Amino acid sequence: MRLSVIIVSYNVYPFLDNCLRSVQQAMKDIDGEIIVVDNSSVDRTPQLVQEHFPTVCLIANIDNKGFAKANNQALALSTSEYVVLLNPDTIVSEDTFTTCLHFMDNHPEAGAVGVRMLDGSGRFLPESKRGLPTLLASFMKMSGLYKLFPRSAKLNSYYAGHIGEHETAKIQVLTGAFMFMRKMTVDKIGTLDEDYFMYGEDIDLSYRITKGGYAIYYLPTTSIIHYKGESTRKSSLNYILTFYQAMLIFNKKHPEFKGQKQLIKLAIYFHGLVRLLKGSAEKWWPVILDIILFFTSFYFVSKLWERYYFAQQGYFKPSFYLINIPLYTLTGSIVMFLNGAYDKPYSYRSSWVGFGWSALVILVIYAFLPAGFRTSRMVILMGLAVYVFLMWISRKNINPWRAALKNDNHRLTRKAIIIAGPDETKRIKELINRSRDQIEIIGTVSPIENMPNVQSDSLGHLSKLDDIIRVHKVGEIIFSAQDVPFSMFTDNMTHLGPGLRYMLAASTTMNIVGSMNRDTEGESYAIRVHFNLSDPASLRAKRIFDLLVSLLFLFCSPILIWLILNRNSFFPNLFRVLMGKRTWISYHPADQLKSTLPPLPQGILSPVYPDDNGGIQHRLEHIHYVYARDYHWTTDFSILFSQWKKIGQTPLNYG
């Protein structure tokens, strides 16, 4: 056998389908095998492989073994001449494996080879070629300073900056996303070191390959796409700590690097502190800014009103500045928060909706204040007017709200074309409609020149793609994985460049994957059915509903306790919901697919209504699906209203 393709998967269901199909196309004329090791995913990845890829060897682990151990499980099964370790969020070209095989056959000194990688927007990924993680290289990489010296062999050694993107050359380190190796080399130097759970194992293995007397090459004559950012958040504090811990392990295992241990520990603490401060600032600065804007607006207007309307400095009592303005400020900020003005991704619209509700609530509070605390409605109205002006300025000129405004406008004007045959075009349009994403499909493009033009919105053939994009001002292209060869997908992405969004519709799953933001390296997303229960605003409304209902039940408990069917669990249920350990309404535990829905705490009741005989209605999965997709707090209210006598039962104890 010539080649074993090994893929370790962990909760990347939308990407794995396209990855496996691209691998199958690339393996068409190669004697080989595909091995998928699933690290206990909860997104139905094993079912995807079993149902749609029956020829693929599946190893389904019952827990997360980590990247190194999972790969070693597959390496132990392989008897091929070559092996390739491949990430599940990749798409290989049809010539990728044959090109690598040909190169390795003609370069007996080579122990491994890596290829040119592009992100989801068609941009070159610098980790396609890397150097060893010396202390300087690691610091330059983690601090981002390497970007100031892109061609430096020393200051950008982590990404081998002295080697050109299209230059075949020897390198020091392969990336774990694509490691094409001789099996004989792996057998000689050993498999991946399992002391590394994630990050560092590819560096360690590459270093052992070169120490074993083999060369590692960067081969840019073939390309793959690597949708980064799904398995981990690379800007997170956890990533920084994990990365440096991997570097510590690497230094410990290789004596020539041991002198850097204390410096690396210092770097861990430094970067950890910076990331913690940065994360806190990113999380809270929008709230703090609005608090300042609210307070400043009311304070400025009150002073102005004192001077020019009442002509009396100090007209407003100290209580106005100590009680009224802080009350209005706190109220406005809380209402903005409850309306999702600070939820990520930031939305320009949510700020305006939040302001509308804030103004209404502030005016209502003013109306109910004691006479001694009511000053002037005009001060309130003018203060709100000043705030909305300052809010508009801040949202328009300060990131990330400025980006949110651009994204909101982009969503309203996103023009897309579909490259697919008639059947796939119809299916893709249905997926987009179900996703509720604001995409304007302006037409379809035939991937085959002699395909009959039966679609009313046909714009022509793929050979005219450049003209179609220019004339119709297309911003997004959706390719069908069923009708478009993967080589055609990657070739067009390379040819057209990163100025467009490129999406790929899986042929067997309800997913369209691609780059979410062409200006953000490594960010990717999947168009799927949008679940309201995935939105922070809906989860917040559900939690508020739980709290208010629990307080109401507690207040009414002296009477309610005699009306419900089961009294034993009533108060335990009540206090668990108040503490957030339970929710009044959640999925029924009998649903085996509930793990594919937005997660919820265990519930007391369920959207599934018991039958007269104590059983559970059919189509349990569909009921939960609709509940998560269309959730509104009134849904919980209607369920609770119809099942309130069961609130004292053991959580979700039907039949």
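Including glycine, each Cβ sits where the backbone N, Cα and C put it.
What TrEMBL records for 4-131 is domain 'Glycosyltransferase 2-like'.
Marked as transmembrane segment by TrEMBL: 284-301 (among others).
Residues or ranges marked as transmembrane segment by TrEMBL: 321-340 (among others).
The transmembrane segment feature in TrEMBL is assigned to 352-369 (among others).
Taken from TrEMBL, the feature transmembrane segment covers 375-393 (among others). Counting residues 6+ beyond its ends, the transmembrane segment (375-393) has Cβ neighbours under 8 Å at 290, 293-294, 296-298, 300-302, 304-305, 309, 316, 320, 324, 328, 332, 351, 355, 358-359, 362-363, 366 in the same chain.
What TrEMBL records for 544-565 (among others) is transmembrane segment.
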Same-chain residues at least 6 beyond the ends of the transmembrane segment (321-340) with CB under 8 Å of its CB atoms are 287, 290-291, 294-295, 298-299, 302, 347, 350-351, 353-355, 357-359, 361-362, 365-366, 369, 373, 375, 380, 383, 387, 535-537, 540, 544
Same-chain residues at least 6 beyond the ends of the transmembrane segment (284-301) with a Cβ under 8 Å from one of its Cβ atoms are 321, 324-326, 328-330, 332-333, 336-337, 341-342, 346, 379-380, 382-384, 386-387, 390-391, 394, 398, 401
Per DSSP, the domain 'Glycosyltransferase 2-like' (4-131) contains 47 helix, 38 strand, 43 coil
